[in-house]
Structures are given as structure tokens and as C-alpha cells.
Amino acid sequence: MNINDILKKLINKSDLEIDEAEELAKAIIRGEVPEILVSAILVALRMKGESKNEIVGFARAMRELAIKIDVPNAIDTAGTGGDGLGTVNVSTASAILLSLINPVAKHGNRAVSGKSGSADVLEALGYNIIVPPERAKELIHKTNFVFLFAQYYHPAMKNVANVRKTLGIRTIFNILGPLTNPANAKYQLMGVFSKDHLDLLSKSAYELDFNKVILVHGEPGIDEVSPIGKTFMKIVSKRGIEEVKFDVTDFGISSIPIDKLIVNSAEDSAIKIVRAFLGKDEHVAEFIKINTAVALFALDKVSNFKEGYEYAKYLIENSVNKLNEIISLNGDLTKLKTIMVKSSG
């Protein structure tokens, strides 16, 4: 493969085939391409607009080069991030609830542009985010929950870290996280930062051997189920791709004020989650329940979103004990107790 020819093709706004994109991604991730050319390729892809085939090819490369673990029937609740609103880490909270009934392989990273990534909030809760594969399998067996830190499970990505940081713009790698779970989670609730990317990412997901994925983008522009209005969804299964639009009031609840969901730090997010689990923050609790409801539908545990919401109400009642179990087996209970104390007021 001639990298310069690939670059010329992208500059001419021609899409790569899946095999071309996969080969290119492997070369980049392995550090075989000079940084100046990596920068040029990432910018050219962004300016052209990443195609489905390019996303699929890059995702396959990242999956192949990742440290892998086997977690049958797992669900992930990862999103693309990048919506810029800084809401509480609802996907992480939902993952904890889901682990009461199903294996959860939560793939995530530290925040890049926001206040708190999934790694940050779990660390604030006392969780040890570096979990080697053998330990990960043990934790799944004992707790139904494991966090797979992207930087640890995709070690070759360090070869592009400097370029990405220097560029300071969204590149194709920013949207690959939810598609590259190291446990090959077959079920997923996937938040998407832009409504315009729902179609592209749903078509990409369809090519990547998921059982069922629900991609969501919610008003007022978040990569979660909307707390205030409409959520635009793509439901991807073996049967194809279905488009759905759903309003928060369809759960039988009122809209949730967005300002009540904003956080300033990982600790702030951790406190809000624990307060919701304790029944002390109704707004955040509702936000967690509506997102969990859609994830339950992705798992085929319920037949509709309203039923999922009712199930989530039961799950959140058992969330504090589950969180304690998760941290006690892989973390620092002292940190969790500190958060609990700060949440009790």
C-alpha cells in the first residue's frame, strides 16, 4: 500500500474500500506511517467526510489489534462523546444498573473535551480502572460488571496519541470507541454526538456483527436519550436498520430540566449518580432510568421502552448494593464512602 497514493485519493474526495481502510488503519496504529502523513490523512478524511467503509475498516483494524477478552452476551453503553454539554455520566450509571441482570463490558476513556469521562467518574467512585484480561473475566463472573479502559485495551493507539492531541480536532478515531469494544459486546446502547452521524454509524454498526445496537441522539444535542424532548434512534439488528423517534413524555414522565444534569467535575458526577441511587436526586434518577430503559430494549429484556422504564425503576432501587459490590471487589471502598457522605446531604 502506497500511503501517498491513499492521501491523494482522499484529497480528491474519493472513498476508500473497507480493505484499503483496514490496511491503512493497521499501518497507522502500528506506528508504521510518519506522523506528518498521519496528520494529513486524518485531516483529509475529516474534510472529505468519513464513509461507512472507512469507519468499518478502521474499526476492524482496532478490534484486531486490541487486547481481547471473551464476555458472552455482554452489553456496552459507550457513546461517542463530544456533545459539549457536560451532563452527568448517565451511560456509566446505566451500566451499573444493567449489571444487576446482564453481563456489562463498559468500554470507555477519560474525558477529552468534557468534564468527566467514564474512566474519570468510575475512578471518583473508587473503581480501579486498570483491569487486566484475566482479572476482567473474574470480575464479570463475580459481579457482571467490568470496565475496559480504552487506553489499556488498545495499547497501539499510543502511536497516534501525539498526532491527535496536536491536531486538536475530531478525527475518525473519536467515533470508533463505541464500535471497538475489546469484549466484542454484541449488544449496545450507543450515544452519538450528532444527529447527522446516526445514519452513517448505524450503517457501519450493521457491518460489524452486533446482535442489536440502538444508536441515540437526543435533544438538545446530546449523545444520550433526551431528558427534555425527542430522541432520534436507529435500531440495528440482524434484520436491518429501523428508524425511531421517541419523546421523553412517552415514558409517562415530564421533561427533565437539563440544568439539573450538568456536572463540573468527575467527583460532581459521582455524587450526582450516588444521590440518584439513594433516591435523593429525582432529576438525575429519571435521566438514568430513561437511558436504562432503552438499553433494556436493546437487550430484548422488554418489549417496549415504557416497559423498560418500569423495569429500570426496580433496578435503581437495588443500585446502591450493586455499586458497593463492584467497588468492594475492584476498588477503594474508602473513596466510595467519601462520595456517599458527600451525597447524603
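Cβ from N, Cα, C; glycine included.
What Swiss-Prot lists as anthranilate 1 binding site is G79, N109. Annotation source Swiss-Prot lists 5-phospho-alpha-D-ribose 1-diphosphate binding site at G79, 82-83, T87, 89-92, 106-114, S118. Feature annotation from Swiss-Prot assigns Mg(2+) 1 binding site to S91, E224; the stated evidence is sequence analysis. According to Swiss-Prot, the anthranilate 2 binding site annotation covers R164, on the basis of sequence analysis. Taken from Swiss-Prot, the feature Mg(2+) 2 binding site applies to D223, E224, supported by sequence analysis.
Everything Swiss-Prot records as a feature, shown here on the structure.
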residue: G79; record: anthranilate 1 binding site; DSSP (3 states): strand
residue: T87; record: 5-phospho-alpha-D-ribose 1-diphosphate binding site; DSSP (3 states): strand
residue: H107; record: 5-phospho-alpha-D-ribose 1-diphosphate binding site; DSSP (3 states): strand
residue: R164; record: anthranilate 2 binding site; DSSP (3 states): helix
residue: D223; record: Mg(2+) 2 binding site; DSSP (3 states): coil
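In sequence order, D76, A78, L148, A150, Y153, G177, P178, T180, N181, P182, A183, A185 are the residues near H107 (5-phospho-alpha-D-ribose 1-diphosphate binding site), counting only same-chain partners six or more apart with C-beta under 8 A. Straight-line distance linking the Cα atoms of N109 (anthranilate 1 binding site) and S91 (5-phospho-alpha-D-ribose 1-diphosphate binding site), rounded to a whole number, equals 13 Å. Among the binding-site residues S91, R110, R164, D223, E224, the ones whose Cα sits within 10 Å of the Cα of G79 (anthranilate 1 binding site) are S91, D223, E224.
Sequence-distant contacts of R110 (5-phospho-alpha-D-ribose 1-diphosphate binding site), defined as residues of its own chain at least six apart whose C-beta falls under 8 angstroms from its C-beta, comprise G117, A119, D120, Q151. Between the CA atoms of E224 (Mg(2+) 1 binding site) and R164 (anthranilate 2 binding site) there is a gap of 25 Å. Ranking the binding-site residues T87, S91, N109 by C-beta neighbours within 10 Å puts S91 at the top.
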